[in-house]
Every structure is written in structure tokens, then in C-alpha cells.
Amino acid sequence: MDPTLKELLHANLEWIFVGGKGGVGKTTTSCALATLFATTPISDAASPGGTRPRRVLLISTDPAHNLSDAFNQRFGPHPTPVKGLEESLAAMEVDPKNFTHGALMSSLTGAKSDGSASSLSAEAEADAAQHTASFARIGAVLKEAARTMPGIDEISVFAEILHYVRTLFYDLLIFDTAPTGHTLRLLALPQTLSSTFDKLMSLEGLAPMIEAASHLIGTNLGALGGACGDTAGSCEQATAAPSLSSAAPGEGSAAAASSQSRWCITADEVRSTALHWRQTMEEVQARFNDPNRTSFVCVCIAEFLSVYETERLVQELMKYNIGCDSIVVNQLVLKPSSEPPCRMCSARQKIQAKYLEQIDLLYEDFHVVKMPLLSDEVRGVPALKKFARFLQEPYSPDTHGYIDVQEPC
């Protein structure tokens, strides 16, 4: 097999995941790969010259983000153009806090009046404030639990995947993933969530129970705007309604209806939402399993633990039916033959040669890219471009010599 990633470059993929053991150069590889794709135009008959820049979005799913360090540029939870490649490459770092601080969780920390609460009596306002404070405390507990919940990193990343699953703006999404364990949980989420939804929705009476619970919440929070009333034909009178008798007829009713409508959920809405999520997850799963749309690039170094974990990762990817036929072996000690021997280099080369032989035997039907150990850090677009060159062209120490990725001072 060709020892480069040129096949990926011309495969018209939509998603590429880059993963492996921690500390093997996943971020450098994913950033270089994103730079390579962003600088390779794609065919477009509607564009001048028949080509246009490929629009690439690089997403870091690792809780310990490094994209900002690799590009010497600060990124956040939203796509930000990469300096020097503004037309073709954007990057973002998924933050689980954004997921736990979303609209749903924020609403639980206390609903605010829209101004109509001024028509309430002092007693009603006090009662409404008491109900709101109670739910605010519950919401605070739920938010804290969500922030510390095991798996929240994977769920927040999956939420971003769902967000971009139907977008047509980007031609390619590249995921700089977390170490192997996190990544495997992320890739298993579509199957896990689909199975969970099926089991939950098969429970008789679950949707009516959710509907009843939402009505209870709506009844209490409805006190902010007045009596809850029968806005949806099923909500009962709020317990705080007797204290509103002093208000003029109809005052606060519009606010009450608006307040409760935010919280009352019907059984049909529950089923419809569950079905929508189920269909979206099936679409994500279909993309994961389509080798023409999704590919996984494994990154490792020529050492026992890394090679062992790479084999485990490849086996798990096969289990989930996710295409993977590319492996990047980083940090190889490769010296020109004219260089005098070095005791330390020779020792490292001996160890690496042992594991490179195993890699060649295990993955003879893979594209195995062998990348050299560099004397400088790979930081910034110019350095990443130099590094990316050898993802599509085999590196030879005798031909290319040492690679200086940083500009001389």
C-alpha cells in the first residue's frame, strides 16, 4: 500500500477522525492534515477555473485542547478562521460547559418574569418567588451534576456532531480526538443512545409520565404570570390561584399561558422528539459506517504501549464498522546514512525498528505513513505545511535531509 495519505486527499470524504494514544502527535497530525486539505482545491464547475478552496472545519474533541497551541492562535467553542487560511480552514474547541450551560439547563436555574408579574398582588409575588427559588435550586443541582457527570465530554462532542450533521457549508470535518478510551466511547454513542431510546420509549406509560411531570412544573412556574389555567386543555389550576383573586379578571392570564407553555409537554411531543433524535442518530451512524464519507486515521509511535493500543483501537473500529486503513507512525529517528553513528540514536532506532517490523506485518493492507522525529516544535501554519508535505510524500532522510519546520531567527 502507498505509504502516504494521498488516497484520503482524493476520496471526497466528509468526516475524518484522527485518534490514538495520548502523546503520540494526534493534534500535530490532525492540524497538518487539515492544512493539507485546506490548501488542496476541489472541483467546482460554478467557480472560476473550475475549482474552489475546500472548506474544512477542524474540531478538537479532547478535553485538554491543543489546537490553539498548534496554530499559535486562540480558538473557542465556535468556528474561527485560521489566520493565513481564512477562506478554507476554521477551527473550534468543543467545551462541555457550553453543553451544560445550554438553554435547557439555564432555564432550570430560574425563570424570569416578562414584566407582566407586576399585576400580581404582593402575596402572589411572594408565592411565585418561592416556587421559582425552589426550581432554581433544583436547576443548580442538575447543572452541577451535568458538569461532573461521567461521559459529559463525549456527549457534548456528540451534540456538536449532531449540530453539523446536516450542514452543507463545510466540505470536510476533521476531528482531533481525545485519547483512545474517550474516542471509543464517542464512537459508541450512536448505538448506545439509539438502544437507550428504544428501551425507554418501549416502556408503557413513559410519555404520559413525562407529560404529567411537565404539567406539574408548568403549574408551579405559571405563578410568575398568574394562574396557570387550562392553556393546553390539560393543565390544572395553579395552587397559587386563590391568592390572585384580588387581581382584575384576565390580568396576567396571557403571561401565565406563555409561562406554562414553556414547561408543558404533551405525550405526542415526547414521542415526536424521541423519533427525531432516533432518526438523527441513525443518520450519524450511517455516516460513521460509510467508508466513502468517513475515515479514521490512527496515530502512534514505534513503542510497545502505543502499538498495543493502536491494535486495540483498530479492532474496536472494525467492531463498530468504521473505516480505517491509514496509520501515521510519528517520532521516528531517521538520519542520513552519511551521518556518524550516535549511541542514543542507534539505541532508539533499534527499538523502533522492532516495532516498525510488527506494524508492517500487522497492517500490510494499510497506508502506513512514517514521520520523522523533528528538532523543532511544529507550531503555526508554515510549520504545519512543511510537516504536511510528508503526509503525501514519503520522507527519506538521504533525499530530504533534516526538516527545519521553523524559520531561522
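Any Cβ shown, glycine's included, is placed from N, Cα and C.
According to Swiss-Prot, the protein carries these features:
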- Lys21, Gly22, Gly23, Val24, Gly25, Lys26, Thr27, Thr28, Glu303, Asn330: ATP binding site (BINDING)
- Asp62: active site (ACT_SITE)
- Cys342, Cys345: Zn(2+) binding site (BINDING)
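Here Cys345 (Zn(2+) binding site) is positioned 15 angstrom away from Glu303 (ATP binding site), judged by their C-alpha atoms. For the binding-site residues shown (Gly23, Gly25), fewest C-beta neighbours within 10 angstroms: Gly23. Taking the Cα atom of each, Gly25 (ATP binding site) and Cys342 (Zn(2+) binding site) are about 25 angstrom apart. The CA atom of Lys21 (ATP binding site) is located 23 Å away from the CA atom of Cys345 (Zn(2+) binding site). Cβ environment of Cys342 (Zn(2+) binding site): Lys335 lie under 8 Å away, each six or more residues apart in the same chain.
Taking the C-alpha positions, the distance from Thr27 (ATP binding site) to Asp62 (active site) comes to 9 Å. Rounded to a whole value, the Cα-Cα separation of Cys345 (Zn(2+) binding site) and Gly23 (ATP binding site) is 20 Å. Cα-Cα distance from Gly23 (ATP binding site) to the residue listed as 'active site': 12 Å (rounded to the nearest whole number).
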